[in-house]
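**Q** When I checked TrEMBL for this same protein, it listed these features:
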REGION    1-189  region 'Phosphopantothenoylcysteine decarboxylase'
DOMAIN    3-168  domain 'Flavoprotein'
DOMAIN    185-405  domain 'DNA/pantothenate metabolism flavoprotein C-terminal'
REGION    190-410  region 'Phosphopantothenate--cysteine ligase'
BINDING   Asp279, Lys289, Pro307, Asp308, Val309, Leu310, Phe331, Lys349, Lys353  CTP binding site
Amino acid sequence: MGKRIVVGVAGGIAAYKACALIRAFTEAGHQVRVIPTESALNFVGAATFEALSGQPVHTGVFTEIPEVAHVRLGQQADLVVVAPATADLLSRAAAGRADDLLTATLLTAHCPVLFAPAMHTEMWLHPATVDNVATLRRHGAVVLDPAAGRLTGVDRGPGRLPEPDEIAALAELLLARADALPRDLDGRRLLITAGGTREPLDPVRFIGNRSSGKQGYAVARVAAQRGAEVTLIATNATALPDPAGVAMVRVGSAAELADAVAKLAPESDALVMAAAVADFRPVHVADAKMKKGADSEPSGIELVRNPDVLAGAVSARADGQLPKLSVIVGFAAETGDENGDVLFHARAKLARKGCDVLVVNAVGDGKAFEMDHNAGWLLFADGTESVLEHGSKTEMASRIVDAVAGLLRG
Ligand code: CTP
């Protein structure tokens, strides 16, 4: 059902990206009220915000006096999202100022408040901003970590606005679960794999699978916004935006993925193996493109087994080689068959793989792959089992990260 969302827009170059965010919310059926600051209107005109939201747009407190807009908009909102939140806006919000409609609205909001900062790296790292962010978090707001990358001009570094789709996904998560983004993973290092490996046959062909990477990316996104230092080993998930604040490592085949995990696992506290890793690869990889020939018949492809990365991490830890790695999470996409149902096969897989948690999805009939919603179970090594209710992959990710955080706390 549609919710009431206030989108605050502060005066930064990333203000244009707020348009895509507003669009995402209205397309999801929400009622959006846009409140720009006066300086935001230097970047995007009020007419654009009015057209996108279908609602009037004002910046000051001396409009809509009979409706007491500066109090009502905050009181009635289900969610307030400020994107971009500039250094100045964060400072005014942290101080509890109410000198325009947006800051007044922030003071009257009872709902979850999400700030998506965007500014130059120096401003983001300045102790004043660091303090303001800490203050806002202490007050209960969610302040996203910005993405790193190219800023205005030639500058690079943390300070980029996370992609609108990413902000929208985290906003939807807060609408579903107001307490879904606590900063409980500060100082933890998580290694996450996502996507589907490709096993080359020749320079243009490969054996692959249908994994989109969405679930693993969502886990990375949520863990990073809960304070973890996240490295995402991504394999062929090019359709997805890099999650903000996450270090990316790109690989192609199962062997490359295995090498990257072997290199990074020793310094990680948790390993989350969401990637769909090919079990087999072709024995021969042709250097040049294979030709079909004039009248040749297709020949078989000889395969050899790939290393099991998850099982390898479990046994390396058992041998004492990974003293820091305390949580290992596996994924299983299962179908029922004549031998048993999905859970029967999943329990057997948990026992076989020896990981601490197995995230189980039922697949087949268009379920799971490439979809935005999912459902399943969490199976723990101690025999505990919990249902993952049907929800977005971001909601599932937040439950998976809950499990990791719980196990890290011991
Ligand atoms: N996995 C892995 N290395 C492989 C294959 C799988 O690390 N070579 C990991 C996956 O990332 C996932 C888990 O193992 O976390 C389960 O993957 P799945 O393909 O279901 O496991 P398999 O052992 O291949 O089971 P099955 O016999 O059902 O194919």
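Cβ coordinates are placed from backbone N, Cα and C, and glycine is handled just like the others.
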**Q** So what sits near Pro307 (CTP binding site) in its own chain, CB-to-CB under 8 Å and at least six residues off in sequence?
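**A** When sequence neighbours closer than 6 are ignored, Pro307 (CTP binding site) has Ala254, Ala255, Ala258 within Cβ distance under 8 Å.
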**Q** How many other Cβ atoms are found within 10 Å of the Cβ atom of Val309 (CTP binding site), counting all protein chains shown?
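**A** There are 25 of them.
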**Q** Just counting, how many other CB atoms are there within 10 A of the CB of Phe331 (CTP binding site)?
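**A** I get 26 for this one.
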**Q** Enumerate same-chain residues with a sequence separation of six or more from Asp279 (CTP binding site) and a Cβ-Cβ distance below 8 A; give 'none' if the list is empty.
**A** Arg305, Asn306
**Q** Given the model, what does the mean pLDDT over the domain 'Flavoprotein' (3-168) come out as?
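**A** Its mean pLDDT is 95.
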**Q** Across all chains shown, how many C-beta atoms besides its own are within 10 angstroms of the C-beta of Lys353 (CTP binding site)?
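**A** Here the count is 18.
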**Q** Using DSSP and collapsing to three states, where does Phe331 (CTP binding site) fall: helix, strand or coil?
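**A** Going by the DSSP assignment, Phe331 (CTP binding site) falls within a strand, counted as strand.
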